[in-house]
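A.B. asks: Not my notes, these are from TrEMBL:
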- 7-224: domain 'Orotidine 5'-phosphate decarboxylase' (DOMAIN)
- 13, 35, 63-72, 118, 179, 188, 208-209: substrate binding site (BINDING)
- 63: active site, for OMPdecase activity (ACT_SITE)
- 65: active site, proton donor (ACT_SITE)
- 65: active site, for OMPdecase activity (ACT_SITE)
- 68: active site, for OMPdecase activity (ACT_SITE)
Ligand SMILES: O=C(O)c1cc(=O)[nH]c(=O)n1[C@@H]1O[C@H](COP(=O)(O)O)[C@@H](O)[C@H]1O
């Protein structure tokens, strides 16, 4: 991380460790964080953390979205705490005891509770029995997770402002579902542009395919990072 790095976690969703390391090196000069998710970690294990860290000055966000009984999640969080991820995700829908178990098991890791996946729309929520509009479920889960010890929350940029109003300034708000204007949405539903996410009060934007699938991931990261820095300085000035 450098003084000029933007608050972006690039989702390094690659199959091969060499690709992951190359993407991390290309984006590291521009962003604060790289995110290792299930595809890479389940295939390569802890080795991939060292590979993306390499000589890069970036935080490594380990996105395993743990979701199980409290004792199992505590054990899993303990198992990866030694890798020193800057952030570790759990699903808030696992409940307060589960979130608390993760936070207590890995006190030096920022536990981020995922509220409602950004790929889900209202029809999906109804199918899984989460009643009410997405923002109501996000608000409920956010308050519960912070009360249970989560120091960060994952929600869509569309809910950041209302979550901030509920949990205050000290909780890190992380938003996937970020798409530059005109970019392919892919499987994301609840989206906004990087500038909108920053203006709404997000602390860290998770961005994957708009960067990693670009012809030049380093150039794409540089361009989105510049837009994010501009939005952040005009929001601070506002
Ligand atoms: O926890 C996450 O990072 C996450 C939560 C969520 O609600 N939605 C979501 O897309 N993500 C992750 O954010 C990344 C988004 O990638 P792109 O859609 O390629 O920008 C993926 O790695 C997802 O696993």
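Quick reminder: no glycine exception, Cβ is built from N, Cα and C everywhere.
Please treat TrEMBL annotations as automatic predictions, because they have not gone through curation.
Locate each feature and note its surroundings.
C.D. replies: Mean pLDDT for the domain 'Orotidine 5'-phosphate decarboxylase' (7-224) in the predicted structure: 97.
In this structure, residue 67 (substrate binding site) belongs to neither helix nor strand by DSSP; it is coil.
For residue 63 (active site, for OMPdecase activity), the count of additional Cβ atoms within 10 Å of its Cβ stands at 25 [all protein chains shown].
Remark: residue 65 (active site, proton donor) has 38, 89, 90, 91, 114 as non-local neighbours, by Cβ distance under 8 Å and separation of at least 6 in sequence.
For residue 68 (active site, for OMPdecase activity), applying a Cβ distance below 8 Å and a minimum sequence separation of six or more within one chain yields 76, 94, 98.
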A.B. asks: Hey, what's the Cβ neighbour count for residue 70 (substrate binding site) at 10 Å?
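C.D. replies: Other Cβ atoms found within 10 Å: 18.
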A.B. asks: Among all chains shown, work out which of the binding-site residues 67, 208 has the most CB atoms within 10 A of its CB.
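C.D. replies: Max Cβ neighbours within 10 Å, all protein chains included: 208.
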A.B. asks: List the recorded positions 63, 64, 67, 68, 70 whose Cβ sits under 6 Å from any atom of ligand 1, in sequence order.
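C.D. replies: If the test is a Cβ under 6 Å from any atom of ligand 1, the answer is 63.
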